[in-house]
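A short write-up of the structure that comes next.
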Amino acid sequence: MSNFFKICCVKDPGGSAKENLRKMDQVNGHFVSATCPFSGESVELKVDSNQKQVKPNLRIKVPQPIRLKNHVAHDENFDTLHSRINEVTHFNTKCSEKVCQTSIMDIPGRGDTPRTAEEVFKDAQAFLTQYYASIKRENSEAHKARLDEVKRELKERGTYQLKTSELVFGAKLAWRNATRCIGRIQWKKLQIFDCREVTTASGMFEALCNHIKYATNKGNIRSAITIFPQRTDGKHDYRIWNPQLINYAGYQEPDGSITGDPARVEFTEICMKLGWKAPRTPWDILPLVLSADGKDPEFFELPKEIVMEVQFEHPEYDWFKDMGWKWYALPAVSNMRLACGGLEFTANSFNGWYMGTEIGCRNLCDESRLNIVEAVAKKMGLDTNSFVSLWKDKALVEVNIAVLHSFHRDNVSIVDHHSASEQFQKHLENENKSRGGCPADWIWIVPPMSSSLTTVFHQEMALYYIRPSYDYQEPPWKTHQWTKSDGTKTVHRKFHFKQIARAVKFTSKLFGRALSKRIKATILYATETGKSEHYAKELGTIFGHAFNAQVHCMSEYDMFSIEHETLVLIVASTFGNGEPPANGVDFAEHLFQMLYNETNNNRGDGTSDLGSGTFKTPTPKSLMRSNSMMTPSFEYKRQLTRLESNKSSVAGASSIEQIGPLSNVCFAVFGLGSSAYPKFCHFGKTVDKILGDLGGERILELACGDELYGQEQQFRAWSSKIFQVACETFCLDENGMVKDAKKALGDVPLTEETVRFGKYQGDTKLKAALEASFRKQLITCKVKENKNLGDFSADRATVFVDMQPETEFKYDPGDHVGVLACNRKEIVDAVLERMKDVDDYDKTVQLQVMKETLTPTGAIKTWEQHERLPAVTIRQIFTRFLDITTPPSTTVLKYLSKACTDQNDAAQLKELAIDSNKYDDWRHLHYPHLAEVLAQFPSCRPQASLLAALLPSLQPRFYSISSSPLAHPHRIHITCAVVVYRTQNGQGPMHYGVCSTYLQNLKPEDEALVFIRRAPSFHMPKDLSAPLILVGPGSGIAPFRGFWHHRKHQIKNLIPNKQKPGPVWLFFGCRNRGMDLYKEEKEKALADGVLSKVFLALSREDSVEKKHIQTLLEDEGAEISRMLLDENGHFYVCGDCKMAEEVQQKLKEIMKKHAKMTEQEYEEFILNLMDENRYHEDIFGITLRTAEVQSASREFAKRTRQESQKSQT
């Protein structure tokens, strides 16, 4: 170790070096610099009483690490945390230079004097620095603004409020800093119940009953803390008078003996003085004594049904259970003060679970407690007359064996002292790595039995106190200022738990709602079409009955907050062929990064097992896009449940490495997707797996909703189940509002009485209305040309549309254009004819929804603007804003059944809404639009306003841009396959694709509204020398037309003889030569050298061998392999998902054959291509143009679903 004390003195007896030094002063024969080189302070010569000059003390202390040895492992570590005065808030010990007082019971506190604003701000500053550092925002604008906010609150009110996330962080950190706790390795797994809104003792009681029930969890103990309002002026404190929430009473008998627990005699007398009628048995549960807002205390008897007790028996001694000894399962400390951020929370209760010796040694065998050791020894037949027989030790061991055995028998969480010691050693190692130290009180950490046999006995520890912290405080009966002179109260309250759970028994309805919403439920969604958002908001409405439900889009969510969440629900769509929607990409990458960081931290060497050989470690993006849900080879270990980790002394030691960053987060995932895609619900599955790998507690298995088979019914079933499970998890199942929510689960969310078309004064432009509804900046384009490509037929056409935008815009080849289409006029007119509450379809109206707001004076109902639909005419709503061509959802059918006057119509609609199989068959056979449904059930006359609120939005359709900004400035070209098909297996009415037929029918000078969606993963490489392999059958050629036009202009700008463009190979497929799109253009590009080779696969050409694109790829496999491996080639695929899957499988065969790759090497190879953005996919769903394709698609989707279900089991 280097010298940590520097002395700023130089001795120069000869004076030869004097001129080389700064100005020096001479003190007792030494030359000393006039200023200290470390502090810059000037030197003042001091004179003692004998007029002798005294050398000033210029020693500068640099923080010195404390070396801590382990005398068994023969290793050492160095504690530096104690010296980081700028990062942590210290408070002093009672020890002096001459006397060590660490064995004194009380940790020094600061008394009950309220803190000054200056003292509070100093601690707040230190705490907020730690908080913002934990979320990687230290010294950010948010950090500075928060400090300013705290300073302003302190100036105005003398105190401030911690935000919920800050309180959660502080409560966990206080446990982490608890010097006397051996079980701190679990510090991240602490459920916080924020009860700072509670104002009465009865409210405190209800909250603590909920805490007991939640934490007990039928024996599978969960760590939790309930926190009540902070101290303000010291005159309005909240206090829990009980040392623990559950305690046995102790009674002093006339003969001096004690019945019950001797440690609770004083508090028992307090309870009796307050009016508690004590049964005076050895095992009486003491009532809770609570005081709120500085008022006199009230006592409340705990319901017996929420207090779990363990009756003791011994595995070998039958007489042991006859002794009648028992103990409560939940150790919930309630007499300490939480100091956090300068604030003091005088009323809080926290719990972990027992270490066996806490009961077996301290509670049962201490002489000052139940002291059963002699009774046990005599039952065992031991000689109790001589210490030499070690009868106490033998009896003590058997008592502890009985305790562990009985807890294990009842499946109640407990940990033996050896496992706890191993866990603490691991915690010590983790803390030294993560923050350079761990404050620990050796006297308390070392177990009271078999001390030297545990690892912690031989471990040196550094004891110091840092905040946030849990501090001892004076018992409230010693400090309380009574309003009654005799200090008594006669109110006696005794409740059953069902009464307690109904908050209205104690408080107003408003407060009851506040109590039920202490637990935060964060609902996150990622969506492309808006369906996930709709489901997420619906889920938020359901959870809002019983939780503090907050709904966020993933792109708007602060990912650094996820570690501090309590309950996270994910509703996530999958976009394209397995990728996240655009607003879910950052969320996914952050999750992957968390997993990488956690894994590397666990490894300790900062390396990763991902990848091998010459391939790079795959990035989150490539893992998300990969062909199957790739799992990193490090395979993060499964998170054990609390019961698994602690019910066995063996399991306790083995589970200590399983605590991930999300260990305290409960979660569930609902994935949306289409089984027409091979990577069905891939994004949802990936998120579900990573959340679990990061330590999250999955409270319900992943559910997948299939767009092609009962997605809505699957969501309804899942939402009902997850709500029930969440309520059970957080012990809200008896809450009255929970019952209301469960009742509302099966109802239509809106009614005819809560939705209306309101009057609107003003003029709304259609473009502005669409921009507001779809949250997009739209571009108005004029059609310049619209023509058919290839051979035209009624049921199979592809059109080319040339548009000229009216404003400036930017795009790159490979990007998409979103088109806002119109519903067909005949369908809109047929629907409007059946509406019953509209007299003028062309008058501007505002769709309004009734909202109910709960206030202290009652519920207030107001009409508010619908969040999705702006003020336009009803005809415009059904033409431009609502999807009326997709078969109605079961929610809509449920409402339509209520709008029928004929009972048979109503019954049939209701049956379709309830029976998912019948609905699915009806949907696929008829694929009816709304007008056809109304025609099928003629007595149905719905209300237009309610129907508008229930129908989904008409989503924009996306097309790959077929032009180049270099070749076609100020233009956008679209290549669109027109969708036309007959339902009912080809025998039904003709159906038309909404957007494709809209584009087909546009005439020159017609206007269309569009927007650009970037597709950076499908752009052309900047390196023109890179080979391009383009694969696109049918309309999949669309983006590649833009590529070759763009490439032609790029080649013009190349320096002759210095830059050579790489080869471009185009693989195109169609049925026959008449459908060979852009044939002349391809031939010209080939002649100009822009395209190097063009391959044509004809699948139904007469007199020609039938071929598919995959066959052509196989024929050119050797060259493809060479271009990808040796020339950094790029591989592009555009087409439907089935084709894309088949192409990738063919590429796998090619690389195995020509590059001699194994399965694992190919997986790493494809990941590497994706990482380098050299494998590109532009995928769309299978177009249901014919009965043949529709049937094939459904069979393919069925197989995908079955394979997906197998992979989940």
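In case you wondered, yes, glycine gets a Cβ from its N, Cα and C as well.
Annotated range for region 'Calmodulin-binding' in Swiss-Prot, selecting from 113-133, 260-280, 491-511: 491-511. A simple way to gauge crowding: the CB of Tyr354 (L-arginine binding site) has 26 other CB atoms within 10 angstroms, across all the protein chains here. When other Cβ atoms within 10 Å of the Cβ of Asp1088 (NADP(+) binding site) are tallied across all protein chains shown, the result is 12.
Close to the recorded L-arginine site, the chain also has Trp327, Pro331, Met355, Ile359: residues not among Gln244, Trp353, Tyr354, Glu358, Asn363 whose Cβ is within 8 Å of the site's Cβ mean position.
Of all the binding-site residues in the list Gln244, Trp353, Val669, Lys679, Lys689, the shortest Cα-Cα distance to Ser963 (FAD binding site) is found for Lys679. Here the Cα atom of Trp353 (L-arginine binding site) is found 64 Å from that of Ala1118 (NADP(+) binding site). Compared over the binding-site residues Gln244, Ser963, Ser1103, the count of CB atoms lying within 10 A of a residue's CB peaks at Ser963. In terms of C-alpha distance, the listed binding-site residues Trp444, Ser674, Tyr811, Leu820 place Tyr811 closest to Phe1043 (NADP(+) binding site). Reported as a whole number, the C-alpha separation between Leu694 (FMN binding site) and Arg957 (FAD binding site) equals 37 Å.
Ranking the binding-site residues Trp444, Tyr472 by how many other Cβ atoms lie within 10 angstroms of each Cβ puts Tyr472 at the bottom.
Closest by Cα distance to Asp1088 (NADP(+) binding site), from the binding-site residues Trp444, Thr527, Gly814, Leu820, is Gly814. For the domain 'FAD-binding FR-type' (776-1021), the model's pLDDT averages out at 92.
Rounded to a whole number, the distance between the Cα atoms of Leu820 (FAD binding site) and Ile699 (FMN binding site) is 40 Å. With Tyr811 (FAD binding site) as the anchor, the candidate binding-site residues are Thr527, Val669, Lys689, Ala1118, and the one with the nearest CA is Thr527.
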